[in-house]
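Listed in Swiss-Prot for this protein:
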BINDING   Gln167, Lys342, Arg371, Ser372, Lys393  (2R)-2-phosphoglycerate binding site
ACT_SITE  Glu209  active site, proton donor
BINDING   Asp246, Glu290, Asp317  Mg(2+) binding site
ACT_SITE  Lys342  active site, proton acceptor
Amino acid sequence: MSKIVKIIGREIIDSRGNPTVEAEVHLEGGFVGMAAAPSGASTGSREALELRDGDKSRFLGKGVTKAVAAVNGPIAQALIGKDAKDQAGIDKIMIDLDGTENKSKFGANAILAVSLANAKAAAADKGMPLYEHIAELNGTPGKYSMPVPMMNIINGGEHADNNVDIQEFMIQPVGAKTVKEAIRMGSEVFHHLAKVLKAKGMNTAVGDEGGYAPNLGSNAEALAVIAEAVKAAGYELGKDITLAMDCAASEFYKDGKYVLAGEGNKAFTSEEFTHFLEELTKQYPIVSIEDGLDESDWDGFAYQTKVLGDKIQLVGDDLFVTNTKILKEGIEKGIANSILIKFNQIGSLTETLAAIKMAKDAGYTAVISHRSGETEDATIADLAVGTAAGQIKTGSMSRSDRVAKYNQLIRIEEALGEKAPYNGRKEIKGQA
């Protein structure tokens, strides 16, 4: 009864007011799966292609009617009659039919929406929650954990209209005993941060990922105000709550230098910027740094890994773009020690699971992540639990596109109880 009988694609709106692709997969037994593709702002150059129409008279060129047409046309034709439970087979048909290295014919947004909708339909057909089905697809049935959230409470870079160069300043409630408690701790710090910023006469408007986006005197000041908020909330920094950053350094890499415009155009070499970050880790309990250099600066990353890699988690996002070919090369060259996992960078569930497995097999951690352009689709919560990835990045404590994922984690934890432990600090590379 898990035979696909109908596939529907449609254009919906994401959290930035831009169109994205939503797909429905209908099965013979009456079960339906529905999923939407997210969209990034700071994107790696080697990501799978997000197909946009380019018609400036409609959605400023960002329409996705071509990708939707691919779902309703060739993809639907190829998949009708196939077994939804064969996720790898379904994804392979779409990838082969597209025939390009970066999914540029149909768009990764089209293929991913169908891939995830198919997984949801198959889970429904099997009478199980999505996380349980994902664990089976992953070859790890019944093995779950609740992820430590990385909560992006100060937004900068491409995610905010402010003068802060580093894109994300995050808290990790590592001292919590459950994900529900971790979310409460994050919420309390978030609200205390608003009070701290207001007391300093700073803006408390939020950025794309729901964190505050004030103008600050320096990148270090973001860490200082967060430290103040953690203390005001009654928590101990470094014990109850640790810090993480996403530099998204490719966004301020210009002519071979790392230029911090918000700090008077200070320019750094790869080595100098590594030591700039190292100093911050000495001043604050920063346990994870993502994209600490430009995605193409592999020599710099090798140096950064040598300097910081045995002390903290170094996460590759633009660096690896959830791509097993690139990750394999990084593992062989000893670049970073963790990978950020974003479905739409690679464009299918099967390839996403392959990247998580490769990372884990090599002793790298995997951090499951949203994109800055999101929808109410909470699939990443199920992915994090179903692969026992251990960490999740899904924004701050505001905007329902972010909070939807936290609420799903609360529901999953309630359902699984002790079968899905919250392991806190030991999930983070170098912190066990």
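These residue numbers are counts, starting from 1, taken along the chain as shown.
Glycine too: its Cβ is placed from the backbone N, Cα and C atoms.
As the structure is a computational prediction, the values presented were derived from the model and not from experiment.
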### Message
Quick check: of the recorded positions listed here (Gln167, Glu209, Lys342, Ser372, Lys393), which one has the Cα closest to that of Asp317 (Mg(2+) binding site)?
### Response
Lys342
#### Entry: C-alpha spacing of Gln167 ((2R)-2-phosphoglycerate binding site) relative to Glu290 (Mg(2+) binding site), in angstrom
10
### Query
Relative to the Cβ position of Ser372 ((2R)-2-phosphoglycerate binding site), how many further Cβ atoms are located within 10 Å?
26
### Query
Whole-number Å distance between the CA of Ser372 ((2R)-2-phosphoglycerate binding site) and the CA of Glu209 (active site, proton donor)?
6
### Summary
Within 10 angstroms of the C-beta of Asp246 (Mg(2+) binding site), the count of other C-beta atoms across all shown chains comes to 29
### Message
Residues other than Asp246, Glu290, Asp317 within 8 Å, Cβ to Cβ centroid, of the Mg(2+) site?
### Response
Gln167, Glu168, Met245, Cys247, Ala248, Ile289, Asp291, Val315, Gly316, Asp318, Leu340, Lys393
